[in-house]
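Take a look at the structure below.
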Amino acid sequence: MPLAIVLALIVFGSVLFHFLSPWWFTPIASNWGYIDDTVNITFWITGAVFAAVVLFMAYCLLRFRHKPGRRAAYEPENRRLESWLAIGTGIGVAAMLAPGLVVWARYITVPADATAVEVVGQQWQWAYRLPGKDGKLGASETRAISDTNPVGIDPDDPAGRDDVVVQGGELHLPVGKPVALLLRSVDAVHDFFVPEFRAKMDMIPGSVTYYWLTPTRTGSFEVLCAELCGVGHPYMRGTVVVEPEADYQAWLAQQQTFEQMQAPATTGAIDTGATKASATE
Amino acid sequence: MSIILLFLAAIVAVVFAWLWRHGILAKPWLEVGVAGGYPVTDPSAARVAKVALGVFLAVIGSLFALTVSAYLMRASLGDWQAVRTPGILWVNTGVLALSSLALETARLAARRGDMAGVRAGVLAGGATAMLFLVGQLIAWRQLNAEGYYLASNPANAFFYLITALHGVHVLGGLAGLGRVTWRMEQGAGVARLRLGVDLCAIYWHALLLIWLVLLGLLTNWVGDFVAICRQLLT
Amino acid sequence: MVDVTHGGPTSGASTGVAPGFEIGELDLYHPKSWVTKYVFSQDAKVIAIQYGLTAMAIGLVALVLSWLMRMQLAFPGLLPFIDADHYYQFITMHGMIMVVYLLTALFLGGFGNYLIPLMLGARDMMFPYLNMLSYWIYLLAVLVLAAGFFVPGGPTGAGWTLYPPQAILGNTPGHQWGIIVMLVSLMLFIIGFTMGGLNYVVTVLQGRTRGMTLMRMPLTIWGIFTATVMALLAFPALFVGAVMMLFDRLLGTSFFMPAIVEMGEQTAYGGGSPILFQHLFWFFGHPEVYIVALPAFGIVSDLISTHARKNIFGYRMMVWAIVGIGALSFVVWAHHMYVSGMNPGFGFFFATTTLIIAIPTALKVYNWVLTLWRGDIHFTLPMLFALGFIVTFLNGGLTGLFLGNVVVDVPLSDTMFVVAHFHMVMGVAPILVIFGAIYHWYPKITGRMLDTTLGKIHFWVTFLGAYLIFFPMHYLGLLGVPRRYFEMGETAFVPPSAATLNVFITITALVVGAAQMLFLFNLAWSLRHGREAGGNPWRATTLEWQTPETPPAHGNWGAERPTVYRWAYDYSVPGAAEDFLPQNQPGPDPVVPGHAIAEGAR
């Protein structure tokens, strides 16, 4: 009896909490509003099921609680009811899965006009590499990392000479332009996560992973690491600044290229054009 | 992970066939009384032990299927440099097959009640299995001498890991066979040895089969085969 | 594969009383001294209690660790000895202990050992010696694990997932000895479990008493049996992963270690694949969720049926769902890896399989609730916990639909939403079942009832408290608060109210944890002072309640093993005098007035 009331209270309390909660998604700043939509669909369907099942249970507890002389019904099964419940559940599941898969297909397909930006994670800071004038990122590998080459650009690849390297600073992105983030790590597994962008992907040492987004709103956003990467994990922060194109170009022009970082430029380029990107699997 | 999934699919098929035969569709509330496919007598100790061995082999199978899956996953990356297979592996394979054969003769002899046959088979089986292990150690030494060190690259590491895992299972088998041998030396009759010899023989055959698969993998037959399949598909 | 049936199907169904039979009895080891009776015992019931007490003891350690973690999250810096190193060591040990050393051991080693022989009418497990060995190796594994606290550098702080390269890199606490100790302990656990697991499976296959067909087995046995089969096949994945990581750590191989620059220094590693470990880990890790859940499903079915005095609704569907979930759970592992950087195309497959597995799981929930419909519900302690399980499991299962649906998982993965989800579904829910089961079977194990008043306080605090802890926690995850953060510090998007919520959660967690002491007190106190229970206090149908002695003696059944005449759920059979018919009671005939059987029952 008290349990029936408590169960009903749990349902009402949970629904009330859901609507009154001050803790909800941060205001979105990317094109991934679709993801919020799928989350909302899932909330509606699962919320309805939760309320229905728990309230029905509360009703049963109230209605069929033991009283002297009561005897339970003998009902081994009811195929028709079970079939309908299975079909209904199947429909609900499909209604959540289908939009999810559609959005996932978009999520993993990078648009052709996206600019590549490399993010390199290391314990416990972020480094970024943006393509220089040639619009291409040079080859890179962990073994090439040294004091003057913090992200491991292949010194023999001419495409890498004009790459812009930002270490420990902010990443600036132009608003409204799709950007493909190529993710690398040099030690543990990290994850470049900006809550306002919704998107996320782990960075695995030894391979290049990716995701893409279009920033839709200017502002300064906090970057967190979202995969345990050692004792400094919570302090692995960074900042992404989304700004209009002109400001972005101005910022870009102030950054150092790889060539400038190499104090005495070593010349004698051997043309090895291959971009190194081992498969993730 | 395709190998482990194939392995599990086989297990699932066996389980479902078994459930089907045991009336998984029955409506038990309609059957009152001593009905159905219940055991008429308790199963014999031999039957129980063989069922247990079967389940145990499924566990071992899962262990090796997973190892093979991991191997293939890593080997499919571009920079894989396979180990040169030492020639002695072929000799070892022959020795292990002989060992299996010897235990099979022991098993048949036990069935006939031929004590001398059992003794010869068990001792020969044990000796050849030990010889196999020695052969594997020689293979390791040869590889080391040629500079294929454990830690130099993943292919080497996998080679040592896989042979070691298999070797440990042969060692485990030898412990079981040792118990049978000890009982034999204590003067146990054929009847008391039959079950032990039976179990050892089954276990040995399973280990031989697993070794053949692993050998195919390490000598790259499997890799070549997979590569050909992949080319055909793409 | 070996043929595992008992001969061919017998022809014809006879309905009389079977003559007694005592053929080929299991050779029991008869203890000669106190030590062989209570310490190195080969009696499955004693081994079960040993498993249970050991699991609870190490579980208490994990509970204290969770308190310390919650203190740090709510009041950073209040306890000065909790630094980042310790925090990560605490979360790692808490997770690993709870999942493997408490839940798995308690459900399979504890309840499996106690209930399988009794519920199936067997005298003991098929291989009692191996069974004893299984426990002692488990104990060794627990001791090795606990030794992690005392080795130089302390236990590993790699997170319970132990992902390399981080797990063996220098900036992870416990990289010196802790990780080695952890891996060795896991390997020992798996070896010990395999010995026990073989026993459970073979006993179900070969040890059932006369008349105990598969479809007459209680769902508890179905759950434990299926979970054991799954565990036997899934644990090798962890074993292989652990061996390979030990090689990497100790012998310098590079199974999982690619070229790495650690704090500006090139390391000797090169060529390994970190994601390979994740595949192996989750190939074990996901079935592991169901290894814990399936026994809980089975037990809760029996609790609800017994205490609602009604047969479990849709028994066949329940069996099929258990088997189906067991099989499907092997093809969903990578849903833990949607954002791991694996081939993103896999997401389509794993999202689909994951959401398909929701259907049989949902059917089980419906059937539990439908068992209550038109029942005769007694609000006993086991029933309260079983009902609490339904609510928390439903809640946790539904949030699983968020995380299983690949794109919905993207913003939520690695946030507090995940922490809330898995605590609700495989922390709170199975623990509630364990409590329910202990309140239910304690009278059989000890001959005395647990105290009801203490039990009710325990239930209300635990159930409501756990819900209050974990339900709001989901919303922190939606906000974007990541998991495994030693401290949030100043973060622009996290409002100060989140800190208030953290304080609330921590205080509730302290209270809920303290309530467990009440439970432990009840266990000890009722051993002496509890009300005498009699043989069958719940008037239940299954065989363990029909033993000649309570607690059952070694060998369980006196001179003759029972013969089974009916399924496990003959409650409130129309026409019967009592509202339950034990499985070993012959007659009355199944011909019952047609109107009494609900439509669709045939």
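A Cβ is built for glycine as well, from the same backbone N, Cα and C atoms used for every other residue.
TrEMBL: automatically predicted annotations, no manual curation.
These come from TrEMBL:
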- C:34-565: domain 'Cytochrome oxidase subunit I profile' (DOMAIN)
- C:46-68: transmembrane segment (TRANSMEM)
- C:88-115: transmembrane segment (TRANSMEM)
- C:135-154: transmembrane segment (TRANSMEM)
- C:174-198: transmembrane segment (TRANSMEM)
- C:219-247: transmembrane segment (TRANSMEM)
- C:280-301: transmembrane segment (TRANSMEM)
- C:313-334: transmembrane segment (TRANSMEM)
- C:346-369: transmembrane segment (TRANSMEM)
- C:381-404: transmembrane segment (TRANSMEM)
- C:416-439: transmembrane segment (TRANSMEM)
- C:459-481: transmembrane segment (TRANSMEM)
- C:501-521: transmembrane segment (TRANSMEM)
- C:579-602: region 'Disordered' (REGION)
For the transmembrane segment (C:346-369), distant same-chain residues with Cβ under 8 A (at least six beyond the ends): 297, 300-301, 304, 312-314, 317-318, 320-322, 324-325, 328-329, 331-335, 338, 386, 390, 393-394, 397, 400-401, 404-407
Contacting positions for the transmembrane segment (C:174-198) when only residues 6+ beyond its ends and CB under 8 Å are counted: 89, 92, 96, 100-101, 104, 108-109, 112-113, 127, 130-131, 133-138, 140-142, 144-145, 147-148, 151-158, 162, 167-168, 228, 231-232, 235-236, 238-239, 242-243, 245-246, 249-250
Contact set, same chain, for the transmembrane segment (C:219-247): CB under 8 Å, 6 or more residues outside the stretch: 104, 107-108, 111-112, 115-116, 119-120, 162, 164, 167-168, 179-180, 183-184, 186-187, 190, 193-194, 197-198, 200-201, 204, 253, 255-256, 277, 280-281, 283-285, 287-288, 290-292, 294-299, 301-302, 312, 315, 318-319, 322-323, 325-326, 329-330, 542, 568
Contact between the transmembrane segment (C:135-154) and the transmembrane segment (C:46-68) (3 or more Cβ pairs under 8 Å, separation 6+): yes
Contact call for the transmembrane segment (C:416-439) against the transmembrane segment (C:46-68), three or more Cβ pairs under 8 Å: no
Contact yes or no, the transmembrane segment (C:280-301) and the transmembrane segment (C:46-68), 3+ Cβ pairs under 8 Å, gap 6+: no
Contact ranking winner - C:46-68, C:88-115, C:313-334, C:459-481, C:501-521 against the transmembrane segment (C:381-404), Cβ under 8 Å: C:459-481
Chain residues outside the transmembrane segment (C:313-334) and at least six past its termini with a C-beta under 8 angstroms from it: 215, 219, 222-223, 226-227, 229-230, 233-234, 279, 282-283, 285-287, 289-290, 294, 297-298, 301, 342, 346, 350, 353-354, 356-357, 360-361, 363-364, 367-368, 370-371, 373, 404, 567, 569
Leading contact stretch, C:46-68, C:88-115, C:459-481 vs the transmembrane segment (C:501-521) - CB distance under 8 Å: C:459-481
For the domain 'Cytochrome oxidase subunit I profile' (C:34-565), the mean pLDDT of the predicted model: 94
Sequence-remote partners of the transmembrane segment (C:88-115) [C-beta within less than 8 Å, at least six residues beyond its ends]: 44-45, 47-49, 51-52, 54-56, 58-59, 61-62, 65-66, 68-69, 82, 125, 131, 134-135, 138, 141-142, 145, 148-149, 154-160, 162, 172-174, 178, 182, 186, 189, 193, 196-197, 200, 220-221, 224, 227-228, 231, 288, 291-292, 295-296, 299, 426-427, 430-431, 434, 437, 441, 445, 484, 486, 544
